């Protein structure tokens, strides 16, 4: 069967992967309301396309933190990619580089920062969890810098791991032939079997629950890399991120894996963008499966989007070729959406190109 869209990879991944692995990638927290809502909220945003505009040439290029990329579609950090495919993060890094876009490597990758750097040139960010032992954090950040990573994406929504019931049922743990490569030399690379979720136990033991805004400042004292704060959902925290010196904000609910019944990221986006007042770029992750979703996020003020699960499912199905394919499919769909909406460059995508449910209730007129 020919694959014609990103979502079709999920069913293939489900067939191919062991249940414990598929469930770890696919599931959300508790009732999984937010997991469904991350997708459904996009479907409630409609287009207001403009016609009779010359769309024979379309420019999708943009810059992120000063780095030029081919399109505003980037790869989000997702953990333990070698569970999906033996090439894991290597394949993802090569696919991102080939597409001319950014890959974010997870702290909990099954390939190290050095190994990913060895795949060749490419613009890469490093996602950071703050461990209780700050020497571990400092060491990791220095290694990412030395390996040529260009920014730190600090995850701020995980003082504790969300309740992911599939992982509890499956007694999730990292398969014995894999390690969290970045922590291998520090004796933090293995995950013990637990009588619920092995990852939840690992987080409880290692990740710092005292993490606060002062640590965002501290991070700036140990690295010159720009810091993106990942996990912002409110105007209040958007303002605080700017005050704390963040170089950018990622509106994220951790793929609906942390606190259930938070809004979809696309629903929280505009509030965060308005509060940032143009002082830093705001990005979105969560629920993007179509080029139309990318356009909607940009119309609401995002500077770009990150995709997570689609990468894992494509990786499981077809390795590097699968990841290349989803990046190309999203690119092609986004270009088509721009053309049919009458936009030839990203700066032409405006709030007037869409209508949201809130516009009806507020009686917003677009005339």
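Quick reminder: no glycine exception, Cβ is built from N, Cα and C everywhere.
No curator has checked TrEMBL annotations; they are predicted automatically.
For 1-359, the entry in TrEMBL reads domain 'FMN hydroxy acid dehydrogenase'. The annotation glyoxylate binding site is assigned in TrEMBL to 24, 129, 164, 254, 257. According to TrEMBL, the feature FMN binding site maps to 77-79, 106, 127, 155, 230, 252, 285-289, 308-309. Per TrEMBL, the feature active site, proton acceptor maps to 254.
Features recorded in TrEMBL, as mapped to the structure shown.
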residue: 24; record: glyoxylate binding site; contacts (Cβ under 8 Å, 6+ apart): 80, 83, 164, 166, 167, 170, 172, 199
residue: 79; record: FMN binding site; contacts (Cβ under 8 Å, 6+ apart): 106, 107, 108, 109
residue: 127; record: FMN binding site; contacts (Cβ under 8 Å, 6+ apart): 77, 104, 105, 106, 107, 152, 153, 154, 155, 230
residue: 129; record: glyoxylate binding site; contacts (Cβ under 8 Å, 6+ apart): 107, 108, 155, 158, 207
residue: 257; record: glyoxylate binding site; contacts (Cβ under 8 Å, 6+ apart): 27, 28, 29, 35, 162, 164
residue: 285; record: FMN binding site; contacts (Cβ under 8 Å, 6+ apart): 76, 230, 250, 251, 252, 255, 265, 305, 306, 307, 308
residue: 287; record: FMN binding site; contacts (Cβ under 8 Å, 6+ apart): 38, 39, 41, 42, 264, 265, 266, 293
residue: 309; record: FMN binding site; contacts (Cβ under 8 Å, 6+ apart): 10, 25, 26, 78, 255
164, 230, 254, 289 as binding-site residues, winner by CB count within 10 A:
230
Nearest-integer angstrom distance between the alpha carbons (Cα) of residue 289 (FMN binding site) and residue 254 (glyoxylate binding site):
16
Max pairwise CA distance, angstrom, over record-listed glyoxylate binders 24, 129, 164, 254, 257:
19
The domain 'FMN hydroxy acid dehydrogenase' (1-359) [mean pLDDT, rounded to integer]:
95
